[in-house]
Amino acid sequence: MHYYRYSNAEVSCWYKYLLFSYNIVFWLAGVAFLAAGLWAWSEKGVLSDLTKVTGLHGLDPVLLVLLVGIVMFTLGFAGCVGALRENICLLKFFCGAIVFIFLLELAVAVMAFLFQDWVRDRVKEFFENNIKSYRDDIDLQNIIDSLQRLNHCCGAQGPEDWDFNIYFNCNSESKSREKCGVPFSCCIPDPAQKVVNTQCGYDIRTKSKNQWDDQIFVKGCINALEAWLPRNIYIVAGVFIAISLLQIFGIFLARSLISDIEAVKASNAF
């Protein structure tokens, strides 16, 4: 295969190397996400037994990390190679994928605003499914504990939701020591205690509900998140706008480079 430099016109180095620099960051970030996800899976033994992927009924956070890594790696690679080799097909793929992701984000935001009750029901269902799998995956467990601890909440709509988990269920046939309790992350922290008491939620739901307020959080996490959003709306909007601007900038660079390449090819065709 022979390569040659166009004699009449050249592609702008500004668009070319700016787009390459833009994408190399995403490509490296994708590599980091993939490495972290594969390492986490190897620690959990998933790579040696792939049936564990379908064994968890809730969300495996590592799967989400891998998915983000694959998308970022693919787009970053396509953008980098497309920019360096002036490959219109790769650049159009990169541009189209970014446009699709941007429109998908916009659609999700609009749907969440217009169909709040439906979204709330889906979030409740999602949270309950993850409560069922709380003890099945350490990463999922850590995420739920962090969510409850940071938002001072317990369960999807309240502590009773922990009946969805076989270990915390109040069923009389259960032999679990955690029966009719809640995770330690539901407990109101004692400032005097420097060591976390992981047994603070044991048997709490065997007591009357008016005693719960002194020991555990009684607000559901869905209500806590709904209260958190209006207080932090500017932060959420700022993050969304920043991400959108980065995507628009990437689309602009890719479209400009495509137009430049097409113009050079048309110029040298004559």
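Glycine residues also receive a Cβ, built from the backbone N, Cα and C atoms like all the rest.
Annotations in TrEMBL come from automatic prediction, not curation.
Copied over from TrEMBL, here are the features:
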DISULFID  Cys153-Cys186  disulfide bond
DISULFID  Cys154-Cys170  disulfide bond
TRANSMEM  20-42  transmembrane segment
TRANSMEM  62-84  transmembrane segment
TRANSMEM  91-115  transmembrane segment
TRANSMEM  233-254  transmembrane segment
Statement: Taking the transmembrane segment (233-254) as reference, the highest number of CB pairs under 8 angstroms among 20-42, 62-84, 91-115 goes to 91-115
Message: Most Cβ neighbours within 10 Å: which of the disulfide-bonded residues Cys170, Cys186 is it?
response: Cys186
Task: Round to the nearest Å and give the CA-to-CA distance linking Cys153 (disulfide bond) with Cys170 (disulfide bond).
output: 20
Task: Using C-alpha atoms only, work out the spacing between Cys170 (disulfide bond) and Cys186 (disulfide bond) and round it to an integer in Å.
output: 17
Message: As a test of the contact definition, list every same-chain residue at least 6 positions from Cys154 (disulfide bond) whose Cβ is closer than 8 Å to its Cβ.
response: Gln148, Asp161, Trp162, Val182, Ser185, Cys186, Ile216, Phe217, Val218, Lys219, Gly220, Cys221
Field: Distal contacts, the transmembrane segment (62-84) - CB-CB under 8 A, six or more residues away
entry: 16-17, 19-20, 22-38, 40-41, 44, 46, 53, 90-91, 93-94, 97-98, 101, 139, 250, 254, 257
Statement: The number of other Cβ atoms within 10 Å of the Cβ of Cys153 (disulfide bond), counted over all protein chains shown, is 25
